[in-house]
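**Student:** Would you mind keeping the following structure in view while I ask a few things?
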Amino acid sequence: MNSNTVSSFQDILKRMSKMQLGSSSEDLNGIITQFESLKLYRDSLGEAVMRMGDLYSLQNRNGKWREQLSQKFEEIRWLIEEVRHRLRITENSFEQITFMQALQLLLEVEQEIRTFSFQLI
C-alpha cells in the first residue's frame, strides 16, 4: 500500500476517534469500524495483486471473491454517503476538514480497489 494512503487512514481514524470522544451525541463507531475494515480489505487485496503466483487459489475462490468485492463497493458507497451527510450537517471546521479528507481518501481507495480487482480478474 502507498505510504501516503497508510498515513491518511491512520490520520483520519485518529481524528474521528477524537471527534467521537468530544461528542457523545454523534455516534461515529459505525464509520470508524467501516474505515478500519476497508483499510484491512484494501491491504489484503494489494497483497494478493503482489502475489500473482497465487493465481490458482484465487481462481478456486473466485466466486466468493467477486461477492466480497461487490460487498466492499457497497460499503464504500455507504461510507461516501455517510461522510457527505456529516459534512453537510457539521459546522465545526475540524470536523469539516476531517470529513473532506475522509471523502477524498474514500474516492482514492475506491479507485485503487477497482484497479487491483481488474488486475486479479
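Including glycine, each Cβ sits where the backbone N, Cα and C put it.
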**Student:** Among 12-21, 32-41, 72-81, indicate the range for which Swiss-Prot gives the feature motif 'Nuclear export signal'.
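**Tutor:** Spelled out, Swiss-Prot records motif 'Nuclear export signal' over residues 12-21, not the other listed ranges.
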**Student:** For which of the residue intervals 55-64, 85-94 does Swiss-Prot record motif 'Nuclear export signal'?
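**Tutor:** When 55-64, 85-94 are checked in Swiss-Prot, motif 'Nuclear export signal' belongs to 85-94.
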